[in-house]
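Database features (Swiss-Prot):
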TRANSMEM  5-27  transmembrane segment
TRANSMEM  46-66  transmembrane segment
TRANSMEM  83-103  transmembrane segment
TRANSMEM  110-130  transmembrane segment
TRANSMEM  156-176  transmembrane segment
TRANSMEM  182-202  transmembrane segment
TRANSMEM  228-248  transmembrane segment
TRANSMEM  276-296  transmembrane segment
TRANSMEM  314-334  transmembrane segment
TRANSMEM  355-375  transmembrane segment
TRANSMEM  389-409  transmembrane segment
Amino acid sequence: MDIFLVVLVLLTIIAISNIVNRFVPFIPVPLIQVALGIIAASFPQGLHFELNTELFFVLFIAPLLFNDGKRTPRAELWNLRAPILLLALGLVFATVIVGGYTIHWMIPSIPLAAAFGLAAILSPTDVVAVSALSGRVKMPKGILRLLEGEGLMNDASGLVAFKFAIAAAVTGAFSLAQAAFSFVLISAGGLLSGVVISFLIIRFRLFLRRLGMQDVTMHMLIQILTPFVIYLAAEEIGVSGILAVVAGGITHAVEQDRLESTMVKLQIVSSSTWNIILFILNGLVFVILGAQIPDVVSVIFNDTAFNNMMVIGYIIVITLTLMILRFLWVLFFWNGKWFFNKDQSIYKPGLRSTLLISVSGVRGAVTLAGSFSIPYVLSDGSPFPERNLILFLAAGVIMCTLVLATIVLPILTDKPEDNVKEKKVKLLTARRKLIKAALTAIKENMNETNKTASFAVIAEYNEKMKNLRFQQFTVKNRTKKDERKVRAQGIQAEQEELLRLIERGDIPEETADSLQERFDELEVLYTNPFKVGLSKKKLKRLMYWIFFGEQKKPEMTILNEEGLIRATRVKTAKAAIESLKKHMTEENKDVTLAVISFYNHLIFRLGHSYHEQNPSRRFENQKLEIKLRAVQAIRNEIQTLFEEREISRDMSHELRQYINDVEAAMLDGDE
């Protein structure tokens, strides 16, 4: 029961972290998850559990790296093989040597072998954290692929170096020749075992298909089990399980098209299932990381043998050492003409890109999990020297690199003046995708009962799709902000005209309330970019219709009410046109004329639609329900585009405002 409660709390924290990210999108989700994990573990009765290193690697790291190996473009990795090896192998060993001597010089109480071990476990970068952070900023494609390739390889090299350093610290014996031979054997064996085991699994799946066993559920289960089987088998024979799952992922990617091209349903189910699994695993990694930090920190802060400010200073010095070494390594080795030829296909970063690569070296879960595997005692039975301090330093460096990357990466990558045209193209493409998502949602929920209303809404969205390109040119001389301001002025003029009609007694109270409610919704949508423009009254009416059915009224009463509302709206629209003409200046002329054109179109539509159709309240409620589903589909699509890095954070905000514009237009047409 305790394990179940811990898992339930962890999953709840993941859900909360994504909700929080919607309100503070400038903070990456991993950092929020780490913070929530820290908070959950800070209370005496909070989230406390011992991190099992072996279980952590097989349960989390194996499937995550398998998926990364499967999804990372192989051709781009091959083109970047030299710089990837430079970072994943060369920089790791340089970090072990330079970092080890620096740590031992700064903290003599940590033996040199243990210092090498700490430097080794600090050398791997966290590919999960890098992917999450890069989703918030626009990184050059070459740098992103380089960081992904580095993250796939350096976990293994760092852990192998860590293993030998800790073994030397425990036993007091070390052989460089033996360590080098073992490293080659473990690495090559891991890659080879991953390829062989993956090939056998693929052949097994083909064999099942030849037997006619093409059940999607069974094949999906084999896919899910694959990374665990590869990792455990590789570790059992004494080679690198991490490199094995990476090689296994790449092997599966090579065979994927041939194996699954005829199983379209499996591809769809596989994509959806893995997205859910990866979402949960990524979140759990960072929440668990945060949950371990309070216990690690409290041990050092409560120990009178340590000066708290001094140990924090150690963390800062180690972090800066890692960053500077990474910067110099990339700068000198990349710009060395003796190393790279002038092949333009090889990405060669400048100073800015070098800084990006340096700051993107975020440490994460592998570092903390590896440090927890340090034994408590040496071979002679004495306590491992400064084990608690080593854990504290590892946790501190993880937090420093994560926070530093969060702050610095947007500064280094945000160059809006260089991407204006690209942004316009992306926004136009994204808007088309949003409308397509809405149309898909409408068609999926269409049935015999709501078919007429569905076709009506589909027609509206098709019209929007056709007008997108026209809108791109008509709004080029005005900003959306100015347009919303003028539209808000028009709504205000309509409200004033409505008050005059009420004072003269030209319209009944129920009609006035209905129109005032609509004007309030439109005003909110044009002035508040983050508020949903659905009133409580309308929502209540919709829910009543969904659960209890429509409120019966005589057909003639309904027609009279609809006709009166339309006639009144024509009057308020004409009043808005007159008001906008009076306030039109040279500065806002283009915007004002566009809004006046909108009102003229509205008047024309209101005057004709009443004679062409006799809408019932049921029909209108059906349309409202369909539109709400479509709007939600659009919001989901925006989040998907953001998570898949097709749009930036700023573009997602702009598109969410675009949703409000669409919703306002729908409410205007919902007469």
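Each residue, glycine too, has its Cβ placed from N, Cα and C.
At the 8 Å Cβ cutoff, the transmembrane segment (83-103) and the transmembrane segment (314-334) share at least 3 close pairs (sequence separation 6 or more) and count as touching. Here the transmembrane segment (46-66) has long-range neighbours at 6, 9-10, 37, 39-40, 127-128, 152, 155, 224, 226-228, 230-232, 235, 241-242, 245-246, 248-249, 252, 277-278, 281-282, 284-285, 288, 291-292, 295, 365-366, 368-370, 372-373, meaning same-chain residues at least 6 beyond its ends whose C-beta is under 8 angstroms from one of its own.
By the Cβ criterion (distance under 8 Å, sequence gap of 6 or more), the transmembrane segment (5-27) is counted as touching the transmembrane segment (276-296), at least 3 such pairs being found. If you count C-beta pairs under 8 angstroms between the transmembrane segment (314-334) and each of 156-176, 276-296, 355-375, 389-409, the highest count goes to 389-409. Note on the transmembrane segment (276-296): residues 10-11, 13-14, 17, 29-30, 33-42, 47-49, 51, 56, 60, 63-64, 67, 128-129, 132, 224, 364-365, 368, 372, 388, 391-392, 395, 398-399 of its chain, located 6 or more positions outside it, place their CB under 8 angstroms from a CB of the stretch. Tertiary neighbourhood of the transmembrane segment (389-409): same-chain residues 27-28, 30-31, 34, 103, 107, 109-110, 114, 117-118, 121-122, 129, 133-134, 136-137, 139, 289, 292-293, 296-297, 299-300, 306, 311-312, 314-316, 318-319, 322-323, 356, 359-364, 367-368, 371-372, 374, selected by CB-CB distance under 8 Å and a gap of 6+ residues from either end.
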